[in-house]
Amino acid sequence: MGGMGGGGLLDIYSMAWEHLRPGSSPVDWCEGNYLISSNIAEFVNTFSNFLFILLPPVLIMLFKEYGRFVTPGIHVIWVLLIVVGLSSMYFHATLSLIGQLLDELAILWVFMAAFSLFYPKRYYPKFVKNDRKTFSWLMLLSAIAATGLSWWKPIVNAFVLMFMSVPTMLMLYTELQR
């Protein structure tokens, strides 16, 4: 137990458990806490995520031909949306820091998977040379790096999501105008 200041590994375990504690997240949305159930912090936000769990299996079936003839990667997005639903349910039920991170990181991974599949090649960085496979690897490495940074400093994830969402909205607007 020595060498890590004070309790060493015990401090690390204690800190990990602290982040699992309900209410440990600094984020608290507009819904009142524990109003409907004494066990669920944000009842409506928690159960509104059921659609993220129920719809993707339907979408997997509806997009079976698309996955076969265009890209099977579409099914990765559907599975990741289930992860978003489960993570978001956990976060809104507990308001724990770990729940917040899981929720935000699941959204980040959906973003990166969607970029890998659908980002227009004309917006690729020059070094990618219009190669979707190289761009997909870049997105994967970016997602892994952002995940690591978010576990190290949780506030990073909010900035990563904001950094990604603004240019994405501008690109979508531009593409819709074409």
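Cβ from N, Cα, C; glycine included.
Per TrEMBL, the features are as follows:
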- ASP28, TRP29, GLU31, ASN33, GLU42: Ca(2+) binding site (BINDING)
- HIS92: Zn(2+) binding site (BINDING)
- 43-63: transmembrane segment (TRANSMEM)
- 75-93: transmembrane segment (TRANSMEM)
- 105-123: transmembrane segment (TRANSMEM)
- 135-152: transmembrane segment (TRANSMEM)
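What TrEMBL annotates, mapped onto the structure for a quick look.
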residue: ASP28; record: Ca(2+) binding site; CB count, 10 Å: 12
residue: TRP29; record: Ca(2+) binding site; CB count, 10 Å: 13
residue: GLU31; record: Ca(2+) binding site; CB count, 10 Å: 15
residue: ASN33; record: Ca(2+) binding site; CB count, 10 Å: 14
residue: GLU42; record: Ca(2+) binding site; CB count, 10 Å: 24
residue: HIS92; record: Zn(2+) binding site; CB count, 10 Å: 24
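Cβ atoms within 8 Å of the centroid of the Cβ atoms of ASP28, TRP29, GLU31, ASN33, GLU42 (the Ca(2+) site) belong to the same-chain residues CYS30, GLY32, ALA41, ASN45, HIS92, LEU95, site residues excluded. ASP28 (Ca(2+) binding site) sits 9 Å from the residue listed as 'Zn(2+) binding site', taking the C-alpha atoms as the reference points. Between the CA atoms of GLU31 (Ca(2+) binding site) and HIS92 (Zn(2+) binding site) there is a gap of 10 Å.
Counting only the Cα atoms, the space from GLU42 (Ca(2+) binding site) to HIS92 (Zn(2+) binding site) is about 5 angstrom.
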